[in-house]
Amino acid sequence: MCLLLPPTVQRNYDPTLHPFEAAREYKLAVNAVKLERVFAKPFVSSLTHSDALSAICRHPSQLSSVFTGTVEGELMLWDLPQKKSKWSVQAHNGHLGAIVTAPDGGSFFTVGNDKTIKRWSLEKTLENSDLPVDTWMSETVITGISHHRYNNEFITCGERVFLWDATMKAPKFSYDWNTGAHGSNASVVCVKFNDIETSLFASSDQANNIILYDTRGKEHRIVGLHEGHTSAVTDVYYSPTGKEFVSGSYDRSIRIFSTEEGKCRDVYHTKRMFKVNCVLWTADNKYVLSGSSDHNVRIWKSVASEKMGVMREREQSAINYAEELKKKYSSFPEVKRIQRHRHLPGHIYHAKKEHAVIKESKAIRQANLRKHSKTGAVPHIPVKQRPVVGLVDEQEEKEEKEEKAE
C-alpha cells in the first residue's frame, strides 16, 4: 500500500526572479485598506433605560457587568450578555454626574448635582443595600470624577478641578487657572486619569477640546490638544493599554483618539443616537460603550472592522499580513486617503466646515493685528500654553463685545 504525500512546493527567493514586488505589495495594501472600510460595522447592541444616561462605569472584577447612572439620579448594575439589570438604587437627588471604581475593587464612587461625593460598597450591592459607605461635601457642583490607579486619591471637576485624598473631607489641591475678577465658568465637563502613565489625566471642556495634563512638578503643563468634535465634549475614557481613549460629544457622535495624535482614528454615529453623555472602554479592549439622551447604552467594537469570534490560523495570518502592509504603505497618498476618509452626518460635516472658517478668520485677524502693532505688543502664544479654565471664556466674551461695539 502506497501513501500519497502532499506535493512539495519549490520556491526560489532570488529577488531577480520576482520583479515588481513593491508594486504587487502596494496593490495588496490598497485592497486591504478598502476591505477594511467595507467591513467597518462597529455597532453591536444596545441597552434600553427609562431615562437619559448621564454616567457609565465598568465593574472592577466582572468583565460582563457595568454600572450606569441617569439624569434622575438612579444607579443601576447591568449584566451585558443577558441585557438585564441586577441592582438599582436612587443614589443622588437630581443629575448623577459620574461613576468610578476604587483600585482595590471593593467600592465605587458617584457624584451628582447635589454637591456630594458618595462611596458605595460592592459587597452590599449583592445584599440590595441602598445606603452609601461614606459621603463628601463639595463647595461647587461636581460634573466628573476619576480615581488614581495606585494611590488613595481621586480628582473631581466642575467649576474647578480638585484633587482629593480619600482619608480627608476637604480637597487636597485645586487646579484653577482662573485669575479674572468675574470668577471661573463651569468649562470642565469631565476628567480621567491615565491608568498606565498615572501622572497624566485628561479633561474635556465646552470649547470642543480634549486636554491632557501632567501633574508632576509645580507647573500645570498641557501635554496635547485633540480636536475633531463640533460641539461640547462631555466625556472621555482611556483604553486598558493607555495608548488610546474614546470621547463623547453633544454632536451625537463618539470618536477614538490616539494619545500621540491630535486627530481621531475613527468616529461612530447612528441616525437615532442623540447627545452622547458618557462613554466607556471595556477591560478586554474589545468594546466601547456610549450612553446618550435617547435612553440607550450602545455597544460598539473598538476596532470597527475587527472580526469577532474564533478564527482559523490561516485567516488570522492573512489579517496580520494585511495589517503589516497597511502600516508599511500608510504614508502613500491613495492608502492614506482611503484609511482616513469617514462618512459624516450632514450636521457634523457642515459644522466642521464652519469651524474651519472661524479658526482661519481668527488666525488672519491675529496676524493682521500683530502686523500693524508694535513689535512684541501682540505675542504669539502656542495652543499648549494658553489658559484653559475661566480665562478662555472671559477672553472670548471680551472679543465678542469688541466685535459688537465695532
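Glycine too: its Cβ is placed from the backbone N, Cα and C atoms.
Annotations in TrEMBL come from automatic prediction, not curation.
Record features, source TrEMBL:
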- 89-123: repeat 'WD' (REPEAT)
- 226-267: repeat 'WD' (REPEAT)
- 276-301: repeat 'WD' (REPEAT)
- 303-387: domain 'Sof1-like protein' (DOMAIN)
- 372-406: region 'Disordered' (REGION)
> According to DSSP, how is the domain 'Sof1-like protein' (303-387) divided among helix, strand and coil residues?
Replying inline: 53 helix, 0 strand, 32 coil
>> I'm checking region-level scores; what's the whole-number mean pLDDT for the domain 'Sof1-like protein' (303-387)?
In response: 91
> Of the residues in the repeat 'WD' (276-301), how many are helix, strand and coil by DSSP?
Replying inline: 0 helix, 18 strand, 8 coil
